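Trainee: The structure that follows is given in the form of structure tokens.
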Amino acid sequence: MSLASLSVSPGKGRRVVVGMSGGVDSSVTAWLLKQQGYEVIGLFMKNWEDDDDSEYCSTRQDLLDAASVADLVGVDFEYVNFAAEYKDRVFAEFLREYSAGRTPNPDVLCNAEIKFKAFLDHAMTLGAEHIATGHYARVRAIAGAHGREYQLLKALDGSKDQSYFLHRLNQAQLSRTLFPLGEIHKTEVRRIAHDIGLHNAAKKDSTGICFIGERPFREFLNRYLPTEPGDILTPQGQRVGRHHGLSFYTLGQRKGLGVGGVKGSQRDDGTADAWYVARKDLQHNILYVVQGHDHPWLLSNRLQALDASWVAGRAPELRGYGAKTRYRQADAACVLEQASQGAFELSFSQPQWAVTPGQSAVLYDGDVCLGGGIIA
């Protein structure tokens, strides 16, 4: 894709507010939309009140990066603080889920409640017709039974597709959303950033919890949840260690268990299989671990999901689909056996590994993301 080929004008002066994080993806998003004729306003969202100096410095640098890009691209730039909304709508639920022994995905809730709700509402007060972000996904308008309908699709760059995190978006949100990066690959995004002289062209992608950053997770969680150490047991009841609190562990976890030196089953060559978290017993505060990646306790043929959210506003028909139970997982063949506005059940053709309560099960029909729910 050449830069010249991007100089078209489908925007025709329409106003769009771009969520600018200071990273390369949102920066190129703003530039692309400006090239397409949109009236672009860049908006930096502060969604976490900094509680240490290093995080303050990181957030400040991101803000400076975003403002610098807006100046280079030639768009207006604003700053808004959504910390109160994030705390009430996302972080409180995040802590409730961990307290209940589940492993939530705050990025899913953050997208639904902050980036595409609080941000969208604010953009509308600025007279915008659309919002845009640097997510790798696509939106497609089709003729539905009751008029125009919007579909959420995977990005063309499958290695960067983020539709999994966006599956809770509804028709109203999708109708106002643009994902310019959904049609191009990440390598092209960095090339564009380099060609137009963006100083953050080589900036590392963020991988931390949504708006909390890349800090030691156990240390962070320990500030908000009480620790209650307990026993680590095998399925046979053998005590192999002590845990720091069930909230700090997730199904399938291998590192940080402190049981590496414990003898268990061994292979023919005398080496031992790794230990994995397999279950949590909240009532008795017991963490169960098993040896071997493919231990039966780690495999599931079925799942139930609650708090279902369907992109089309209605549950899909009962038939075969693909599903993800974690990000970056290949779609697993499954059958949707029961579905309603509030819950659904899936059966899988092949056993699924470490299906984790609190994570999202997301349903796909080819490239079309149908929605999903929270694994029970």
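Using N, Cα and C of the backbone, Cβ positions are placed for all residues, glycine too.
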Trainee: Among GLY127, GLY134, GLY144, GLY147, which is the one Swiss-Prot gives for the ATP site where GLY19, MET20, SER21, GLY22, GLY23, VAL24, ASP25, SER26, MET45 also bind?
Mentor: GLY134
Trainee: For the ATP site as recorded (GLY19, MET20, SER21, GLY22, GLY23, VAL24, ASP25, SER26, MET45, GLY134), determine the largest distance between any two Cα atoms, in Å, rounded to the nearest integer.
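Mentor: Pairwise Cα check on GLY19, MET20, SER21, GLY22, GLY23, VAL24, ASP25, SER26, MET45, GLY134 gives a maximum of 16 Å.
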Trainee: Expressed to the nearest Å, what is the distance separating GLY23 (ATP binding site) and HIS135 (site 'Interaction with tRNA') at their Cα atoms?
Mentor: 11
Trainee: Just the number: how many Å between the Cα atoms of ASP25 (ATP binding site) and HIS135 (site 'Interaction with tRNA')?
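Mentor: That separation, Cα to Cα, works out to 8 Å.
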Trainee: Per DSSP, to which secondary structure element type does GLY23 (ATP binding site) belong, with helix, strand and coil as the options?
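Mentor: Going by the DSSP assignment, GLY23 (ATP binding site) belongs to neither helix nor strand, so it counts as coil.
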Trainee: Measuring Cα to Cα, how far is SER21 (ATP binding site) from HIS135 (site 'Interaction with tRNA') in Å?
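Mentor: Cα-Cα, rounded: 11 Å.
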Trainee: For a quick check of packing: other C-beta atoms within 10 Å of the C-beta of ASP25 (ATP binding site), how many?
Mentor: 24
